[in-house]
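Quick look at what Swiss-Prot annotates:
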CROSSLNK  Lys697  SUMO2 cross-link
DOMAIN    398-564  domain 'Helicase ATP-binding'
MOD_RES   Ser87  phosphoserine
MOD_RES   Lys146  N6-methyllysine
MOD_RES   Lys146  N6-acetyllysine
MOD_RES   Lys191  N6-acetyllysine
MOD_RES   Ser321  phosphoserine
MOD_RES   Ser449  phosphoserine
MOD_RES   Ser506  phosphoserine
MOD_RES   Lys1024  N6-acetyllysine
MOD_RES   Arg1219  asymmetric dimethylarginine
MOD_RES   Arg1235  asymmetric dimethylarginine
MOD_RES   Arg1242  asymmetric dimethylarginine
MOD_RES   Arg1249  asymmetric dimethylarginine
REGION    1-250  region 'Interaction with CREBBP'
REGION    230-325  region 'Interaction with BRCA1'
REGION    313-952  region 'Necessary for interaction with H2AX'
REGION    831-919  region 'HA2'
MOTIF     511-514  motif 'DEIH box'
MOTIF     1155-1173  motif 'Nuclear localization signal (NLS2)'
Amino acid sequence: MGDVKNFLYAWCGKRKMTPSYEIRAVGNKNRQKFMCEVQVEGYNYTGMGNSTNKKDAQSNAARDFVNYLVRINEIKSEEVPAFGVASPPPLTDTPDTTANAEGDLPTTMGGPLPPHLALKAENNSEVGASGYGVPGPTWDRGANLKDYYSRKEEQEVQATLESEEVDLNAGLHGNWTLENAKARLNQYFQKEKIQGEYKYTQVGPDHNRSFIAEMTIYIKQLGRRIFAREHGSNKKLAAQSCALSLVRQLYHLGVVEAYSGLTKKKEGETVEPYKVNLSQDLEHQLQNIIQELNLEILPPPEDPSVPVALNIGKLAQFEPSQRQNQVGVVPWSPPQSNWNPWTSSNIDEGPLAFATPEQISMDLKNELMYQLEQDHDLQAILQERELLPVKKFESEILEAISQNSVVIIRGATGCGKTTQVPQFILDDFIQNDRAAECNIVVTQPRRISAVSVAERVAFERGEEPGKSCGYSVRFESILPRPHASIMFCTVGVLLRKLEAGIRGISHVIVDEIHERDINTDFLLVVLRDVVQAYPEVRIVLMSATIDTSMFCEYFFNCPIIEVYGRTYPVQEYFLEDCIQMTHFVPPPKDKKKKDKDDDGGEDDDANCNLICGDEYGPETRLSMSQLNEKETPFELIEALLKYIETLNVPGAVLVFLPGWNLIYTMQKHLEMNPHFGSHRYQILPLHSQIPREEQRKVFDPVPVGVTKVILSTNIAETSITINDVVYVIDSCKQKVKLFTAHNNMTNYATVWASKTNLEQRKGRAGRVRPGFCFHLCSRARFERLETHMTPEMFRTPLHEIALSIKLLRLGGIGQFLAKAIEPPPLDAVIEAEHTLRELDALDANDELTPLGRILAKLPIEPRFGKMMIMGCIFYVGDAICTIAAATCFPEPFINEGKRLGYIHRNFAGNRFSDHVALLSVFQAWDDARMGGEEAEIRFCEHKRLNMATLRMTWEAKVQLKEILINSGFPEDCLLTQVFTNTGPDNNLDVVISLLAFGVYPNVCYHKEKRKILTTEGRNALIHKSSVNCPFSSQDMKYPSPFFVFGEKIRTRAISAKGMTLVTPLQLLLFASKKVQSDGQIVLVDDWIKLQISHEAAACITGLRAAMEALVVEVTKQPAIISQLDPVNERMLNMIRQISRPSAAGINLMIGSTRYGDGPRPPKMARYDNGSGYRRGGSSYSGGGYGGGYSSGGYGSGGYGGSANSFRAGYGAGVGGGYRGVSRGGFRGNSGGDYRGPSGGYRGSGGFQRGGGRGAYGTGYFGQGRGGGGY
């Protein structure tokens, strides 16, 4: 095989070109591989090899490139020596026509229902078909982005990136703000004679009502439209935000000028200057280290009315990389005999390394034929599959896919398209002796869908997952064989894999495209480009109830195949029907006084519960008018469940509810009712955050006489099919996350679902017999529902997607997003670019820096990613990864009321920190589970903690650490440490300092009781779920008035969630952008005033600049963390000192009655010999907290190992448990110091002595669950 490299070199030499090879090590020390990429000038393709040694990697990369040259007819296949280069099958372009017969929806159904309730079925069949070869209309939806970026390129202005000193938003967008934008927009409307009207949508229940305003305007001089959709707590704010987005877009398109007047800022509440008690000795040390770092400090201003800026510019910058002029495309290549597409690596050993495609195809065909003849169970399953509606369309589907690069399959719920279409393709290739040419990846919107569908398909093929069918979701993979296989995965997993290209995959099937999440929209842009560059690839788009015309147009008028479902009709009813059938009378309204932040706001959106037809009785109209439209009526759901009993039609009931809180409350509500809590009912929750074992229960049949009631979010709306569901009760709501960029505000709103969502939910009934769907919204409300939900790309920050665009080398961020099916607003794109430049993730040429490359690989918010890197530098990487991972999931506290009880508050110790509470919970749980699964369950029940959340946090943390280690960070800086939250702990001080960096600009100042001030003195409240929230009207005094927080939540009031107390020195160091001094007072970010010496403040801002410079050096070469030069070590020690509360004169032990009248929390055990959770040399697993961590305990029978159960993984397992056999003890063999002589911190085994990486394999696509330690 080595000759292939010479062949390519000779071929290039004849054309006066030279192949360029780039090789790098990937993976960690124990399983290192080498990735080689080869490029040839003039060809937009990168050949790739991934092997265990450099020579094979180079040969495989050359071979891949030669195969590409054969495919594009640059080389004839017979000219190539026998390297196993296969010619692609010929591609025909015959246009295909597809069936578009009308779908019959039955209008009547039997059943014991009152005849006056029979409703007309809607006729919603409207999709036709068109030939693929017909060119579509010009696609110019992203023209605004294209215009802006083309003008920017023409000017070729080298941005000096000085906007760091400017307000994040206004300065970036021509100084247009909430206050001045609406007036300018009105002027523009008058001049252009535009009738601009805001379209308002109300979201949330009465006590948490807010509004969305949206508007589309046509710009004559550009010949295009721009669109904005923004959120506000009332109509006025929503309209102002919408106007602001429109004006900023007009500014960037050159239609309106920058604002030149004085920006009037609303005067927020002023903060009194805070006196910082800094010792003379510490100030002297600060000045010394600044001198050592050769930094110059500005003297105080001569005139106090002209303050000086203390911020020091960047001390180190990444060298700009070469600007990417070519618009990149993710590379694709067809399946090849020695390439495993699921691990993105070459097969260099074993029989498959040298097998020809013909041999592979013949072996797999013989195996399938033998199985079909001998396996009687399989024959029975095949007969079942024959009955699925999609089976009738098999030949039509296969023909369309073979003739067209892109095909859309629109199939009614339950027709079998998700499980059958991939198998049709696979079996067709195997039976036609082309097995080696087929590998199919199928994306699902959620992990439960990917796993359950993969398990179902494996069952239908008479196999276990891991043979011809597998899955890969975050934290868990069972990979199929390298050839003739189907891989089900989440969209996020596929996007992570794209860095290695879509190599070795013949078909990409994207299921549920109507969901319009940001990842699916991003994937569709990637695939559209791939199809244009590589027409041989096959893309299949599938969904149930979408208007496919937009997707059809986007993919060049591709054909649409309509598949009709089972003929069981589903009768649907609305709120008025449900009330009349059940004779429901609402209970008396609860008169309890609302909290102050739940009040206010006028509701001028019509209450549709007051609109009821004359055909309903007066009792029905009265009951309906008494129901609050914004609340989910639990009592009506109970009444419907009792009504369903009277129908005597057996079947499961699926109840759609918006969010985990309602599911949990409804479950408890039903279980406490003697009727529904009895053995006659099985109440099951279904939510993405519950363990897989719990999720699987919803598929299990129940005994005769038992009714299964499934309480689910919209997770059950798509892909997963629960066969025995006959009844659907639909709240008609769902929970969405809305983010407003200009004020950094997050809002979790319960909103009305769209008509598309309701149609999907209705379709879940009637799989086994005629079904019933009860919508808990009135007919009048249904008529007002949106047809589709707003795409996620319009309501979420874009910086994570922007990083992916750069990592995949897809060109400019704006230019790429302009190609989206519905491009995001221009101002959102510019903000994403600015955020990444500010973090040093992009260089002067807008290409990824080494830091940006690491951040792009971390599946977490980029600012948190940089915080984790800084954590590694301070050797507190594990704690920072734990906190970052915990932010991905709900809090682990199980809490009945809104405020936390003492059992949960005690985890914060005396740190006044929600983040420290999370860290302590995780630490205590991690210790408890050393005693096995039963000990873990007991601990979680006793402390009222959600075990599933803690397990998922652990998995996420391990994955984040794995990525950092694979990026070259030393394992030592990511070791687990013990923290104390009740006494001095400098490591914990540093963690809090870095947290202040990670959550910036979320800083607040405590005034009184729950009242706090956020940026620019705006009023807000401490969130009720915080450990810092006082009980009732209790007034609290904290050791420091300053806090950082995770996010601002907009309810009726604005509240800060996830709060941690910080010192003013920590703010100056890591949570500030603009620092000014007049010689007496230091002003931070224009609102926080500190009484601190000018010199001390200047030295601290200098330390920040030095720290940023060190991050630049470390990300170029992470291994240098273990051998920093003395000056940097002293600088880090200085930051450690400044991070201590005592450095700012703050005593955390002040105020022993921290949480009101309750008992003082018990002190946590000191971690000395033999006491506390981690008992020195005699730890739970027989010693070896650090040593056993990787001496084989975890992998051999660990989580996902041979025992394949939580008990085996989290408890003792087969091979000695998670922390393994006695190998040294956490503090040495007999409680010695951390790095003591008798084994020490890491024991004699070290961090990673396992024989393999178990479940994590090679990144997302892992090597299955197999052996070895972690």
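The chain as shown is numbered from 1 upward.
Cβ atoms are placed via backbone N, Cα and C, with glycine included.
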Cβ-based isolation winner (fewest other Cβ atoms within 10 Å) among the modified residues Ser449, Ser506: Ser506
Same-chain residues at least 6 beyond the ends of the motif 'DEIH box' (511-514) whose Cβ lies under 8 Å from its Cβ atoms: 418, 442-445, 449, 520, 524, 541-546, 551, 718-719, 756, 788
Predicted model, mean pLDDT over the region 'Interaction with BRCA1' (230-325): 89
Spatial separation of Lys1024 (N6-acetyllysine) from Lys191 (N6-acetyllysine) - C-alpha basis, Å: 49
Ser321 (phosphoserine) and Ser506 (phosphoserine), distance between Cα atoms, whole Å: 34
Chain-internal residues near Lys1024 (N6-acetyllysine), provided their CB is under 8 angstroms and they sit 6+ positions away: Lys898, Arg899, Ser1055
Neighbour tally for the residue listed as 'SUMO2 cross-link', based on other Cβ positions within 10 Å of its Cβ: 15
Residues that sit under 8 angstroms from Ser321 (phosphoserine) by C-beta distance, when 6+ apart in the chain: Asp843, Asn845, Glu847, Leu848, Thr849
Reduced DSSP assignment, the residue listed as 'SUMO2 cross-link': helix
DSSP residue counts for the motif 'DEIH box' (511-514), split into helix, strand and coil: 2 helix, 1 strand, 1 coil
For Lys191 (N6-acetyllysine), the number of other Cβ atoms found within 10 Å of its own Cβ: 8
Three-class DSSP secondary structure - Lys191 (N6-acetyllysine): helix
